[in-house]
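Colleague: I have a structure here, written as structure tokens, and I will follow up with some questions on it.
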Amino acid sequence: MPSWYYENPWTIPNILSMARMGLAPVLGYLIVEENFNVALGVFVLAGVTDLLDGFIARNWANQKSALGSALDPLADKILISVLYVSLTCANLIPVSLTSMIILRDVALIAAVFYVRYKTLSPPMNTAVQLILVAASLAAPVFNYVDSVYLQTLWCITAFTTVSSAYSYYHYGRKTVQVINNK
């Protein structure tokens, strides 16, 4: 079977990146609770996972993965964001600096999504689902929980979800047929 057909997601670097993501909220909690001794140890542990995942992926070919190329920077962004926000809550880093760092990362992520939007078919279902989440979160704040507009958005979201599922099924089936015919 060709190597591009299946990629093992359970590589050591991927597991280390996921562990780093899991350490982020623990670290944030420790900082907000001002348990700095333990937080420093957990921070060092998170740093070691970052060094190890890169070292292993670079030195063992069977440990490289496309998933890992996305997980590693995602884990870094999550960790950095949680660290800066929690250190700001603990009054150890100024709000202005944290805002600058978070806004830069948001801008980078937005740029990636923009490039994806321009190069791939529009992710309509994801956009509708996110709009529904935003509207649902705002509903109790702005007192429109029972609004017909919100209920209409539920129906639109259900429709785009079913359409998206069919699209994935349809094009996925075609892709498998093409692979099987080679």
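Even glycines carry a Cβ here, placed using N, Cα and C.
Among the features that TrEMBL reports, transmembrane segment is placed at 12-32, 38-57, 78-95, 124-142, 148-169.
For the listed features, I'd like the structural context: burial, neighbours, distances.
Modeller: Under 8 Å from some Cβ of the transmembrane segment (124-142) lie the Cβ atoms of residues 150, 153-154, 156-157, 160-161, 163-164, all in the same chain and six or more residues away from its ends.
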Colleague: Under a Cβ pair cut-off of under 8 Å, which of the recorded stretches 12-32, 38-57, 148-169 contacts the transmembrane segment (78-95) most often?
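Modeller: That would be 12-32.
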Colleague: Go through the chain and flag residues at least 6 beyond the ends of the transmembrane segment (148-169) whose CB is under 8 A from any CB in it; none is fine as an answer.
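Modeller: Non-local partners: 124-125, 128-129, 131-132, 135-136, 139.
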